[in-house]
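One structure below.
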């Protein structure tokens with residue numbers, strides 16, 4: 001109880017000091033602006049290189065993500081296949097979507113730096129270049145994560161068949177997927193929290209925030225999937241207030257949890273410094 005009381009007080013103070021609600025709103029606005037268009041851009045870009053890679057990614061996402069989330073992926077695919085513009089228009093739209101997507105990452109970097117109270121000495125150009133690099137590294141990690149999941153699934157299937165335990169494979173793969181969806185995002189978010197601030201954090205310093213965001217996202221998306229599957233009709237999603245409002249709310253919660261992850265790491269860092277100071281006395 002003492003921990004939750006101290007952390008709640010710390011969270012309240014940091015929330016007022018850094019205006020976390022507004023920082024999260026700014027990040028969620030940029031994320032919403034680029035969400036489906038960025039998926040369309042990404043789908044078209046990968047399809048330009050290899051249609052088979054695209055099909056593999058979609059197949060993997062359909063096995064990992066709940067159907068309510070896959071609906072947005074399918075919507076982006078459908079729009080990318082049916083909506084066509086001239087080359088010049090596509091180029092302008094592509095750069096605009098990329099700018100909004102990079103600005104969401106830029107907002108995360110500046111928000112984390114502000115939460116940690118670090119004076120920003122990186123120039124404007126350096127920050128935008130870093131945002132671009134982090135966005136592409138983030139996407140690259142996601143792609144490798146998906147392919148490693150497929151590889152792990154096939155390897156486990158081979159092992160279970162070789163040991164004549166195929167009847168247990170269905171149960172085991174569900175547990176494997178749940179652990180994979182918790183552990184891998186934790187490592188990804190930990191890396192973001194390590195390198196996004198100007199003064200980089202150590203792995204163990206950034207791990208609590210990464211674990212917090214991973215668990216929070218899992219719970220948020222699970223609850224949204226339950227809500228969407230029972231309440232929302234995706235065919236009329238954009239023709240009523242429930243659909244868009246629920247999406248806006250979920251994206252805001254996702255961005256808010258990202259910001260809170262930085263607060264969790266800051267709390268852990270301050271507690272470690274306090275313990276070291278007390279031990280030195």
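For all residues, glycine too, the Cβ spot is worked out from N, Cα and C.
In TrEMBL this protein carries:
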- 27-46: transmembrane segment (TRANSMEM)
- 91-112: transmembrane segment (TRANSMEM)
- 124-149: transmembrane segment (TRANSMEM)
- 169-194: transmembrane segment (TRANSMEM)
- 206-227: transmembrane segment (TRANSMEM)
- 247-267: transmembrane segment (TRANSMEM)
Long-range neighbours of the transmembrane segment (169-194), counting only residues six or more past its ends (CB under 8 A):
63-64, 108, 112, 134, 138, 141-142, 145, 149, 152-153, 156-157, 160-161, 200-203, 205-207, 209-211, 213-215, 217-218, 258, 261-262, 265
Can you name the far-off residues of the same chain, 6+ from the ends of the transmembrane segment (247-267), with a Cβ under 8 Å from a Cβ of it?
7, 10-11, 14-15, 20-21, 23-25, 27-28, 31-32, 35, 108, 111-112, 115-116, 189, 193, 201, 205-206, 208-210, 212-213, 216-217, 220-221, 224
